Every structure is written in C-alpha cells, then in structure tokens.
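Visitor: I'd like to ask some things about the structure below.
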Amino acid sequence: MKMSIVIILLLFTCLIATNGASGTKCSGSPECVKFCRTKGCRNGKCMNRSCKCYLCS
C-alpha cells in the first residue's frame, strides 16, 4: 500500500515537472527567439512544436 502511494506521488511530480518545463507552442524558430528574449534568454529554438530557451541568465 505504501509503495503504491509513493509511485503515484512520483508520477504526479513528473507530470508537474514536464508541464512546467514546456515552452509555448510554435511552428518555427523565429517565434521562439522573441519569446525567449522576453524571458531573459539569448536564444531559442522550436523543437517538437515547443519553444526551448538557451543561454538564460
């Protein structure tokens, strides 16, 4: 019983972490550059229809 609660909590934590890590939806990298610069990052790329920001301070 305790093990199943631990597994459920672990899955719930993973779902929250992946949801917070995802960027905005995109169709091309130029959209992400503007979005990432507003967040304080130097560059951004569109990967799997989601913005990924790089070189953040």
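Backbone N, Cα and C define each Cβ position, glycine as well.
So Swiss-Prot lists these for the protein:
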type     : residues : note
DISULFID : C26-C46  : disulfide bond
DISULFID : C32-C51  : disulfide bond
DISULFID : C36-C53  : disulfide bond
DISULFID : C41-C56  : disulfide bond
SIGNAL   : 1-23     : signal peptide
SITE     : K45      : site 'Key residue for immunosuppressive and anti-inflammatory activities'
SITE     : K45      : site 'Basic residue of the functional dyad'
SITE     : Y54      : site 'Aromatic residue of the functional dyad'
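Please go over these features one by one and say how buried each is and what sits next to it.
Guide: In sequence order, C26, S27, G28, S29, E31, C32, K52 constitute the residues six or more apart from C46 (disulfide bond) in its chain with CB-CB distances below 8 Å.
Counting every protein chain shown, the number of other Cβ atoms lying within 10 Å of the Cβ of C51 (disulfide bond) is 22.
In the three-state DSSP scheme, C36 (disulfide bond) falls into the helix class. Neighbour count (other Cβ atoms within 10 Å of the Cβ, all protein chains): 22 for C36 (disulfide bond).
Non-local neighbourhood of C56 (disulfide bond): C36, K39, G40, C41, R42, each in the same chain, at least six residues away, with C-beta under 8 Å from its C-beta. Following the DSSP three-state reduction, the secondary structure of C56 (disulfide bond) is strand.
In this structure, K45 (site 'Key residue for immunosuppressive and anti-inflammatory activities') is part of a beta strand by DSSP. Counting every protein chain shown, the Cβ of K45 (site 'Key residue for immunosuppressive and anti-inflammatory activities') has 16 other Cβ atoms within 10 Å.
A simple way to gauge crowding: the CB of Y54 (site 'Aromatic residue of the functional dyad') has 11 other CB atoms within 10 angstroms, across all the protein chains here.
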Visitor: What whole-number Å value do you get for the CA-CA distance of C51 (disulfide bond) and K45 (site 'Key residue for immunosuppressive and anti-inflammatory activities')?
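Guide: Per the Cα atoms, C51 (disulfide bond) and K45 (site 'Key residue for immunosuppressive and anti-inflammatory activities') stand 6 Å apart.
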Visitor: Among C32, C41, the disulfide-bonded residues in question, whose Cβ has the most other Cβ atoms within 10 Å in this structure?
Guide: C32
